[in-house]
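For 1-28, the entry in TrEMBL reads signal peptide. What TrEMBL records for 25-151, 161-245 is domain 'Ig-like'. Residues or ranges marked as transmembrane segment by TrEMBL: 251-275. The region 'Disordered' annotation in TrEMBL covers 297-358. The compositional bias 'Polar residues' feature in TrEMBL is assigned to 307-322.
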Amino acid sequence: MVSLPGSPVTNLLQVLFLGLSTFGPGACVQVELHVPEGLSSLEAVEGEDVVLPAWYTFKGERAAAKVKPWEVLTLMWFLEQKGKDKKQVLSHISGATSSEAGVSLVYSMPSRNVSLRLQGLREKDSGSYFCSVTVQDRQGNNRSHSSKTLELDVFVPPAPPSCHLLGVPRVGTNVTLSCQTPRSKPLALYQWVRPPPSTQVFYPPTLDAIRGTLRLKNLTTSMSGVYTCRASNSVGSAQCNMTLEVITGPGAAVVAGAVVGALVGLGLLAALVLLCQRQGKALEEPANDIKEDAVAPRTLPWPKGSDTISKNGTLSSVTSSPALRPPQGPRRPVAVTPTPSPGRVPTSALSRKGAVPVMVPAQNQAGSLV
């Protein structure tokens, strides 16, 4: 043990002076930056405010110690994100503070509480926030530095989703109800329900909670109504409604088939008409053709007037009367006189009628005179 010369009171004053001088401007000051114990990351919701807590002390001091008059603080907050350069969001140097929009210190300087406030959070504010503290005296001596990092993850509640219908809601068919939200962090899960009075909750495999689809099979009219899709994550939820109307009329395929069948029938009918016309023309053409090599039809000789032919081939002219003309005026029924069978007419009868006997040369079958 080392004894100091002088009175006990003097020795006590010397000890106190030495203790205080360790935190004086001439001493080497060791700064320690603190965050709440066990806190390394924070979670916040987009649109809200968040505080990143931090404060500093000198080694051996209690946390509530006040700022000493000789302390000159240099404070900086940075944001680090993957794939991007480090960005300074706030600085306090020589009593002057500058910051990005929506970024500020919780306490006004001078203060040993250097907590950072972020207002109106956005998803892009997520990342690692790095706090750096440097303390020196007014002459710029006895510098000491300390730093800490806090992770911030900004969550986004699901934005209002959009509901869509895939397929034609006809009796007996299958359709799919689709629901998707444009933004959500973390990813949203989907649930389809039917609200009262037709309360119904759907589960897999009919429901795909990740993709947001609901598969309805073999539709019936009782399945018509309102369907609600709810998208939700750990920080919020949103929903959309869809009205399903199951149609009972004929399907589009039936109508299309009927139209196609009618067109095919008309085509076949037109083809049949054309075929018949061609066949009719083909039958008419041979009858109208004049063939040079054809044999003229044989004309049978008919007697003129009252000429008669005897059995031996002799033509006797009895009388020659003019042809009858049709009477003027209304027609009267004509009496038909039976034609007498051809035979030999007596010469006396021919004489009474004034006929002159004529000698006709005999002919053979070939037509030559004998």
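Just so it is clear, glycine is given a Cβ too, placed from its N, Cα and C backbone atoms.
Per-residue pLDDT, averaged along the domain 'Ig-like' (161-245), amounts to 96 for this model. With DSSP classes pooled into helix, strand and coil, the tally for the domain 'Ig-like' (161-245) is 3 helix, 45 strand, 37 coil. When the domain 'Ig-like' (25-151) is classified with DSSP, helix, strand and coil residues number 3 helix, 61 strand, 63 coil.
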